[in-house]
Amino acid sequence: MDSLSSSFVPKLSINLKTTPSTPIPPFLNISSVRIEDKPQTTTTTTARPPPQPLKKPPSTTHTTPPSSRKKPPQPQSLPSTILNTFDNFINSFIDPPIKPSLDPRYVLSDNFAPVDELPPTQCDVVEGSLPPSLDGAYIRNGPNPQFLPRGPYHLFDGDGMLHALKISKGKATLCSRYVKTYKYKVENEKGFPVIPNVFSGFNGVTASAARGALTAARVLSGQFNPINGIGLANTSLALISGRLYALGESDLPYSIKLDSNGEIETLGRHDFDGKLTMSMTAHPKTDFQTGETFAFRYGPMPPFLTFFRIDSKGEKQSDVPIFSMTSPSFLHDFAITKKYAIFNEIQIGMNPAEMIAGGSPVGANAAKVPRIGVIARYAKDESEMRWFEVPGFNVIHAINAWDEDGGDTVVMVAPNILSVEHTMERMDLIHASMEKVKIDLKTGMVSRHPLSTRNLDFGVINPAYVGKKNKYIYAAVGDPMPKVSGVVKLDVSVSDGDRRDCIVGSRLFGPGCFGGEPFFVAREPENPNADEDDGYVVTYVHNEINGESRFLVMDAKSPNLDIVAAVRLPRRVPYGFHGLFVREANLN
């Protein structure tokens, strides 16, 4: 999920097309340009030349339904021309992309480069066959900037694009569409970026003041209304009470629909009948047995954490503000048990001192001691919240948690981010250690131990085991992150007897091949007697040598995660964040 380093150098040329507008002198050029067609191949990763100017490759085309074609941008007004000139001045002289982690020539290289939308396109099954239990759709979210940035750009800042593989009776169809957020629609109509990048646009006081003034001017001139949302919906997807949502934690969810042909439609921003007025986590947790969904939001102003739930009918319940979290923390994920919700207050948070020095407003505070907060999942207020100090435990993604000893003990499994100070700047230097943590709620004693020495993140389980004791985890192997070279299977029960490495299965994708987060799909989801690991592990994989992307289906039971089926995709799918499998009955 996160920022890149100088190890990612440009190996793709990206087709840039300036948008039509009223004639503008050369010194009034805008700060970014629209992306049209992108190349579908990459070269090998041995050569590491210095950044070169972006060039236009030969144009390619495909048919797009009229309803999805990009509208010609409006001619630029005088205020737009002036503000775009100021934006270009900021990007060129006040805050140019000096750091590799914010330089789009590095961040958008290789298979991180954006692609255009793709209408439903039939795919070829080139190995094995797609099992009937995969009838439905695998949908993966990720950043795909609508405009190629000329200023600083962080991987988190791209517009959300969904890549959906619709599967029916052994055949597969791929469709890629932007989530039509308010931000996307405003900028698509105008033909230039309007809303600033949150993760890369406010580095240092001078840059923050300049972009803050520019943003205020755009609001006052009527270019956009922040009340309608500024989010990207680029992080994940969730099925909540029978409805599908694209999520990003800086905004409300966006309701999504996939039709029988595999076409993706954005239905709109969803506020749960006016009860959700602010943002929501991109990692809600749904209890498979009760149908309830638990969620939260966090922010820079008190209360820094607010917990809530959505019942099985889709009705949002009352907020539970948590004022005992005393500083704004980067609280990306959490976990639930049958009794509790578990939150991780980590060392990453708002960092004004770093921003003043020219760094990111989000950074690590080495003096802060991480804490785990435990609250009853049906709590009415924060009086039941308890905090436990866990030095050195920095969790961005929580995999699962459960109760033991009649609810007197809480167990959580999650990757612990080592060298947390590099999280936003140098993800290639991060090692994530998969750990099991036990909290004795009677004595307050906290114990933890590693489950593996591998660099593992993006761990998933059988969704039916959310909130209850599970045995198996499927995790992505960082090589280094955010590139994923394979998938491993862990048996967490192994560590109950001794401290051996818990990996019991593994599949590496091969030289030059990288994937993303795996997802587990049960073979018989309605069978209560089915084994926990009776199913399939699915993911997208890209070959950087020949430029081909595939959808892999692996046998979740086998020690080698044997390939059951491989689908060759009609064009490359960029690396992204989190995905979801939705069964055909739920799509209908």
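Going from the start of the chain as shown, residues are counted 1 onward.
Even glycines carry a Cβ here, placed using N, Cα and C.
Automatic prediction, not curation, is the source of TrEMBL annotations.
Counting every protein chain shown, the Cβ of HIS397 (Fe cation binding site) has 21 other Cβ atoms within 10 Å. Here TrEMBL flags HIS283, HIS332, HIS397, HIS578 as Fe cation binding site.
What TrEMBL lists as compositional bias 'Low complexity' is 57-67.
What TrEMBL records for 1-81 is region 'Disordered'.
Neighbour density for HIS578 (Fe cation binding site): within 10 A of its CB lie 23 other CB atoms from the protein chains shown. Cβ neighbour count for HIS283 (Fe cation binding site) (all protein chains, 10 Å cutoff from its Cβ): 21.
Of all the Cβ atoms in the protein chains shown, 20 others lie within 10 Å of the Cβ of HIS332 (Fe cation binding site).
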